[in-house]
Amino acid sequence: MATNWGSLLQNEQQLEELARQAVDRALAEGVLLRTSQEPTSSEVVSYAPFTLFPSLVPSALLEQAYAVQMDFNLLVDAVSQNAAFLEQTLSSTIKQDDFTARLFDIHKQVLKEGIAQTVFLGLNRSDYMFQRSTDGSPALKQIEINTISASFGGLASRTPAVHRHVLSVLSKTKEAGKILSNNPSKGLALGIAKAWELYGSTNALVLLIAQEKERNIFDQRAIENELLARNIHVIRRTFEDISEKGSLDQDRRLFVDGQEIAVVYFRDGYMPRQYSLQNWEARLLLERSCAAKCPDIATQLAGTKKVQQELSRPGMLEMLLPGQPEAVARLRATFAGLYSLDMGEEGDQAIAKALAAPSRFVLKPQREGGGNNLYGEEMVQALKQLKDSEERASYILMEKIEPEPFENCLLRPGSPAQVVQCISELGIFGVYVRQEKTLVMNKHVGHLLRTKAIEHADGGVAAGVAVLDNPYPV
């Protein structure tokens, strides 16, 4: 894809002036992060890193990503309700991966006691890259689906105005008009509001489980503010607060500081280092309650890499979504090659394949939050070590997606504006709400485009590698 901004990227003086204008507009629009020096305070804040220009995205792939999102919502929901599928799929992983094992233990405890919640809420984000095909045309391929703490729905709704501003400064009003309006935070809040309403207690609150040090607070506040506009109140608490002040009554209703909770929205709890023993106990308490959890433990497990790999097996989608061949076809079209590393012939073949052509694969552990995947020489070393060990079952192997690089200018606090070769990752936000067995909401609610320099293999905006962007449809 040829870039529209080619000549503009060559003019250094103009870029510097544009960058100053863009940064001021980003600050004015609320494209903000707390600083790494002061992650617990909003006294001093900075702009979240972003691209100076919107990046070109083929309209057909954007439309395809939107069209398949409701299918992904249905699929995640179906997996979360299929205890036998989850147990079978994760059986080898939980023997080797302590974090997945602990999540699975809570899942089993909740099933044994009987699931108290009747309202289920999914706020997810499915992430894709554009694979360069042999004929040069790009194809949409899924990287992963995030079923817990899917972030940047708030900041993504603030960035279109920044890119429109930059293009307007350049008198490119027609181009500015092509930047899509986007408000994921509104749609995510709509899902939380629906779950809150179905819970059926007007005095109950929404509990947001927050990290102690949260640089990305403004992203979360965008959703809180949308809820407050609907007269739904949100309280922010940490896992530690819950273990001290959370309790269940005899009907397993959840109370925190004496206030009833209708919906629990996790913006923490997706990485091992976020759990102490106390935090695991707090998580179990929340899961045992009848509050709607976003996500409940089964839905978090449905978002693991191992589940993603198993879903790509022939016949799996048909089993989980019976009688829906069109949905199955749309889903399968986005799958990249995914391979199990369980002990046995299949896993041996996958390892041999990766060792023979390391540049074509990526090794993924069962982790969220960016910066965990292994590529190239690192992957080769890891595979050689894991080859004869049961521990390999805690990883999956994935075909590496190779997008066509393009030029853009990345703006980061404390760094000069840099024109670099980039690749983008497109995320689509999905929302669904189920009451007992009835799906009452299933929609897509917006997108997120993140762009990074090609030398960075892994990691998102929060991990400090990718920057916020907008799709410029072509």
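Every residue gets a Cβ built from N, Cα and C, even glycine.
Copied over from TrEMBL, here are the features:
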BINDING   ARG125, 148-151, 214-216, GLN220, 267-270, ARG450, 461-462  substrate binding site
BINDING   GLU144, ASN146, GLU368  Mg(2+) binding site
BINDING   GLU144, LYS305, 364-373, TYR375, 398-401, GLU425, LYS452, ASP458  ATP binding site
DOMAIN    205-302  domain 'Glutathione synthase substrate-binding'
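Over the domain 'Glutathione synthase substrate-binding' (205-302) the predicted model carries a mean pLDDT of 98. Annotated pair LYS452 (ATP binding site) and GLU368 (Mg(2+) binding site), C-alpha to C-alpha distance, rounded: 18 Å. Over all protein chains present, the Cβ of LYS400 (ATP binding site) has 21 other Cβ atoms lying within 10 Å. For ARG125 (substrate binding site), the nearest of the binding-site residues GLU144, ASN146, PRO365, GLY371, LYS400 in terms of C-alpha separation is ASN146.
Proximity note: of the listed binding-site residues (GLU144, PRO365, GLU368, GLY371, TYR375, LYS400), GLU368 have a CA within 10 Å of the CA of TYR270 (substrate binding site), given in sequence order.
Closest by Cα distance to ASP268 (substrate binding site), from the binding-site residues GLU144, TYR375, LYS400, is GLU144.
Sequence-distant contacts (6 or more apart, same chain, Cβ under 8 Å) of GLU368 (Mg(2+) binding site) comprise ASN146, ILE148, SER149, TYR270, MET271, GLY303. Cβ neighbour count within 10 Å across all protein chains ranks TYR270 highest among the binding-site residues TYR270, TYR375.
Comparing CA positions across the binding-site residues PRO365, GLY371, TYR375, the one lying closest to GLN220 (substrate binding site) turns out to be GLY371. For PRO365 (ATP binding site), the number of other Cβ atoms no farther than 10 Å from its own Cβ, over all displayed protein chains, is 17.
Comparing PRO365 (ATP binding site) with SER151 (substrate binding site), their Cα atoms are 20 Å apart once rounded. Listed in sequence order, the residues ARG125, ASP127, ILE145, THR147, ILE148, ALA150, TYR270, GLY303 complete the 8 Å Cβ shell around the Mg(2+) site centroid, once GLU144, ASN146, GLU368 themselves are left out. When the binding-site residues ARG125, ARG215, LYS452 are compared by the number of other C-beta atoms lying within 10 angstroms of their own C-beta, ARG215 comes out lowest.
Counting only the Cα atoms, the space from GLU144 (Mg(2+) binding site) to TYR375 (ATP binding site) is about 16 angstrom. As a summary of secondary structure, the domain 'Glutathione synthase substrate-binding' (205-302) carries 41 helix, 26 strand, 31 coil according to DSSP.
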